Each structure stands twice: as structure tokens, then as C-alpha cells.
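Straight from TrEMBL, the features:
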- His425: active site (ACT_SITE)
- 103-124: transmembrane segment (TRANSMEM)
- 144-168: transmembrane segment (TRANSMEM)
- 180-206: transmembrane segment (TRANSMEM)
- 288-306: transmembrane segment (TRANSMEM)
- 327-358: transmembrane segment (TRANSMEM)
- 409-429: transmembrane segment (TRANSMEM)
- 435-454: transmembrane segment (TRANSMEM)
- 466-485: transmembrane segment (TRANSMEM)
Amino acid sequence: VGGCLSSFSCTLRSASKEDASEQLKPVFMKEVDSHFTEFVNSLVAKSALLDSSSSASLFPASCSEKELHKAKALRAPPEHGKIFTARRSLLDELFEVSHIRTIYHMFIALLIVFILSTLLVDFIDEGRLVLGFDLLVYVFGKFPVVFCTWLCMFCATVIIPYSLFFQWAQGYCSSSHRVIYSLFYGTLFTLFQTVGLGIGPTYVAISYALPPASRFIVILEQVRLVMKAHSFVRENVPRVLSSVKDKSSSVPIPRISQYLYFLFAPTLIYRDNYPSGDVLTVHFSYKVRLFLFQVLGSLFYAYYIFVRLCIPQFRNSSQETFNLRGLVLCIFNSILPGVLILFLVFFAFLHCWLNAFAEMMRFADRMFYKDWWNSTSYANYYRTWNVVVHDWLYYYAYRDFLWFFGKKFKAAAMLSVFTVSAAVHEYVLSICFGFFYPVLFCLFMCFGMLFNFILNDRRKGPIWNVIMWTSLFLGQGVIICLYSQEWYARQYCPAENPAFLDYLKPRSWSCHVQM
């Protein structure tokens, strides 16, 4: 501004009175344009820096241009992997706004209405208050088996991958046949991932006939530990190879304490150290409230949704003939419980559960999700819904695929990531429900892939957000409807001496014939 005023003064002194206005106009426009361009460039630089979430908690908003360039230099290039920085979860920031916190209070009020409705219906039907939670007791049954299975999985994941990597790293430098040596240890690690963490827990879940929620605990922990072990090996093997290539005197082997911390940390990307600042320190009472009341509250919320909205509907519809009219009515009646379950899974796991572990582990990077609700494209929705899993798929599936086959195969890399993700989701549901009904796989691979290309990042504006939410609502209705129908069909129409194909055939399509 000072330079601008100085140039204006020189112009005014050199111009005659009659030509002052004509000469002042172009000079003024030129100076304003110059300073405005400089201001916009500075603003864009600051916004890009904040959006990369590398300076949100490390650099003040009023930093100078020199500090901004220094901050950019500190950011590792994309090929170096994910950068962890101290930052809060988005909902923690949004809940500080009273208007957003009111929406949270509305969901609590809806839970109270569900509880009162259930108590009143039980009182009217039974003549007394029935406070039993038979459904919760059933779905979380056989907990000792679940705990023993988890303990064996966790101890094996602590000991075997670390021991195999330690032995390989120690002997790789002196080995005369490094390729064969690496293939041997790689085969042992693959066998552990396939048999120890793959077949073992699945066999326990099926042979002990664990109920659905107990199976979910075992299978989800199985998938998590497989991804954790892969990340540990994938991140540390290149470091050893690089040290051997550079003829370094020491081999970079992480300490067992660093690996153990990683197994509990709410991330699937291994690092020797993570940001753990006092910036995010919260009292222990907050940890207890976050972990106990909100997670358990979400669990009881889901219980009342199933009791009031799902079980009465599907218990009756399972006795009707399977037809198009009944299917359409079932899907639209399942949209409300499906959307509520979607919100509860997001809030209970991605926000409460992961933040609780982050508090206990003093893990400062809380970006477990982004503003997925504002997405105008499915591509952005997939990136922002679950950042923890997306990072693993991006760095270890998508990027490694391109590294192996070349950057020309981006479409094939994306398709492979979609296929792996859809197959794992369907595997979890098939084992936990006890039947194979690939509804989620078909939705993911057909409509998910289609919408990923149609509703891409070029789609902007509110209408695309409406379209995204509409398709998401319908998808949740389809999932809740078809899986619930199949569950009740297999309860009402059990197969005598079932063969392998009986687990693959949808029972809900023919159950009415047997009844």
C-alpha cells in the first residue's frame, strides 16, 4: 500500500492538472492489479498448506511468506508416503459450534424416544416393564472364545512378523544368495499371513459357531492385524535394502516397542515415531466418557433400531412370497434403519473408538475421516469416509500396483483396489452372517465403480451432493433389506444335511415354498 501511494504521489506531481485524472486511472488499475494478484497468490499458498494438513497445528495462520516456503520444503514428496501431523478430528471441531452440537442432541433425543417406545410397547403387551437385552446377549455370546482367539492372534502378530523381519535383516548383508534368502523369509511371512492370521481365526469362528457380533470382532481384528503386519514389513524392507546398497555400517531395525505401539495405534501405516504433542492432551475423564458412554451408547442405539424398526418388519416379511412388489417395499422401509446404522458405525468406530485409542496412546494425528458428508462425487466419498483404510489401500495396493506394472495402468490399478476392497467386505459379511450372499460385492463392483466414474471430482454443486446422498440412502436400504431377509430365511427354512452349494444359494428366494 505504501509503494502504491508513493507511485500515486509521483504521478500526481508530474502530471498537469487537466490530465491528472486520465493519467491516474491506468496507473491506479495497474497498481491495484499487481497488489491484488500478490494477495491472491499468498492466500492460495496458505490455503494449500492448510489443506494438506501439514501446518494446521504446527504453523500459525499469520506466518510470513518466508515461513510458508519453509513449511512447503518440510513436506515430503508424495513418493515418500503419508505424513503424520498433529491435528484434531473434524467432529471435535464441529461440536464446538452450538448449531452442530444441536444435531448431536437431536440424535440423543431420538434414542430416548426409541427407549420409551420399547418400554411402552412391552408394558402394553406384557403388562410389565421388560428390561431384558436378549438380542445383545445373543449376538455377543461366547465371549471367552473371542478373547482367547484375539489374544492368540495378537501375540502371534507381535512375535512372528517381527522375528522373521529381524532374522532376515540381520542375515541379508552377509548372505551370498540374497534373492533365495529373501524368498525363503518372504514365503514364511506369507504362510503366517495366510494360515496363521487367515485360516486360523476363520476356522475358530465357524467351528465354534460364534454369534454374529462375536464373529465381527474376530474377523475384523483378523483383517486389521493382517494389514498391520503387511505395513510393518512393507515400510521396513526398503530401508534395509537401501542401507545395504549404501554400505551403511548399521541396519535400520525398529525396536520391538515401536512395533508394539504401532499395533495399538489407530493407523495402518507404520512409522518409527508418530506425532504425540501436548496440544491434544485431554483429561482422563474425557477419555472414559468418549470411550465408554458414546461407544456403548451407539451400541444400545443400534440395538433399539433393530428391535423397533428391523425385527418386526423382517420377521413378518420372511413369511411372504418373494416378489418384486415385496422387495421394493422392503427396500424403502429399510432406508431409515440403514441410514441410522450407517451414521452409528461412522460415529462409534471412526470417531469415538479411534479417538479413544488415540487419547490413550497419545497419538496426535486424529484425521481418521474427512468431511465425507459434503462429497459431490463418489471418488471423494471413498477418499474421505475412512481415511485410515484408504491410506493403506492407496499406498500398498494402488501405488504398489503402479510401481510394479507402470503408470500407464491407472485404470487397472483402480479396478484392482475396488476388487480387493469389495472382496474383503464381502468376506467379512459372509463369515459373520454364516452365508454367502454377494449383495455388497455387486453393489460395490457394479454401482460403486459406475458412480465412481460418473460422479467424479469434476462434479460440483449442491445437486451432485443430493444425488450422492440419494444413492447412498438407496444402497443402505438394499443392504439392510436383502441381508435381513436372507438371515431370517435361513432361520425359518434350515437345510437338512446342507451341502457346500446350500451355503451359496440364496434361501430367501425359495423359503416360501418350503413353508
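For all residues, glycine too, the Cβ spot is worked out from N, Cα and C.
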Original post:
Hey, would you say the transmembrane segment (144-168) packs against the transmembrane segment (103-124), going by three or more CB pairs under 8 A that are 6+ residues apart?
Top reply: no
**OP:** Would you mind listing the long-range same-chain contacts of the transmembrane segment (466-485), meaning Cβ under 8 Å and 6+ residues beyond its ends?
**Re:** 310, 314, 317-318, 322, 327, 330-335, 337-339, 341-342, 375-378, 381, 429, 433, 437, 439-440, 443, 447, 451, 455, 508
Original post:
Near the residue listed as 'active site', how many other Cβ atoms are within 10 Å of its Cβ?
Top reply: 15
Original post:
What same-chain residues lie close to the transmembrane segment (327-358): Cβ under 8 Å, and 6 or more beyond its ends?
Top reply: 89, 91-92, 107, 264-266, 280, 287, 290-291, 294-295, 298-299, 301-302, 305-306, 309-310, 313-314, 317, 364-366, 368-369, 385-386, 388, 472-474, 476-481, 484-485
